[in-house]
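What follows is a set of notes on a single structure, which appears directly below.
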Amino acid sequence: IMLITLVRHGNTDANRDRWLQGQMDTQLNATGKQQADLVGERLSNEQFDVIYSSDLSRCKQTADGITKFHQQTPIILDKRLREHDFGRLNGKPVNAIKAGAKSQGIKEADYIVDQGGESDQEVKTRVLEAFNDIVSKSQQAGHSHVLIVSHGGPLSIIISWMVEEQKYELPADPPRIIKLGNTSVTRVFITGCSGRIELFNCQKHLSIMMDTSLQNDRGPAV
């Protein structure tokens, strides 16, 4: 049995102001840095065999908040764990996708590709290849606990795949929508080809923050 802990990066100005960051190398803002410190404290007593992270700064900074308690644990940066690339839409308001697709009379996913971004299938293939590689290598190495720090889009793809295609067992109160808050913690137990999601999108470590509106970015993960 292997435990996988999934953590989304902390808050950025793009999350707060609702624009598409995609694969732009944005930084955590003050709120995001506080969130990273808090999730680090929450996970300080965990025993990780290895830590994987997207190579983009907002994930590396979030991982830094965790690794300061796990300085002997190796960390591996994997570009395949990056967010969806929105092409020329990177840096635009989130609603630019819907507006542009409507103006051209095409689907939003097709509009993203038209603007030089990745297709949904390309992102899914990339992310699941990374995840399955991580699981396979970790099982071969005999690891019992692996941490993955990534973005809302890729983590949602992984969890949706677990739920919809792999039919992993769900917690008592399963999520209706796969949306992950900043520095949320999701825990998954994997045994062979089966699995169980024990915890989903938990942000209890952020309860200390006075303004609960700062716990999440609004709307879809970008």
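Positions of Cβ are set from backbone N, Cα and C atoms, glycine also.
As annotated by TrEMBL, active site, tele-phosphohistidine intermediate applies to HIS9.
Other C-beta atoms found within 10 angstroms of the C-beta of GLU83 (active site, proton donor/acceptor) number 28, with every protein chain shown included. Positions annotated as active site, proton donor/acceptor by TrEMBL: GLU83.
The substrate binding site annotation in TrEMBL covers ARG8, HIS9, GLY10, ASN11, THR12, ASP13, ALA14, ASN15, ARG58. The Cβ of GLY10 (substrate binding site) lies under 8 Å from the Cβ of LEU28, THR31, GLY32, LYS33, GLN34, GLN35, ALA36, VAL39, ARG58, GLN61, THR62, GLY65, ASN182, THR183, each of these being in the same chain and 6 or more residues away along the sequence.
The 10 Å shell around the Cβ of ARG58 (substrate binding site) contains 28 further Cβ atoms across the protein chains shown. Here the C-alpha separation of ALA14 (substrate binding site) and GLU83 (active site, proton donor/acceptor) works out to 13 Å. For ARG8 (substrate binding site), the count of additional Cβ atoms within 10 Å of its Cβ stands at 29 [all protein chains shown]. Long-range neighbours of THR12 (substrate binding site) (same chain, six or more residues apart, CB within less than 8 Å of its CB): GLN21, THR26, GLN27, LEU28, ASN29, GLY32, ARG58. Between the CA atoms of GLU83 (active site, proton donor/acceptor) and HIS9 (active site, tele-phosphohistidine intermediate) there is a gap of 11 Å, rounded to the nearest whole number.
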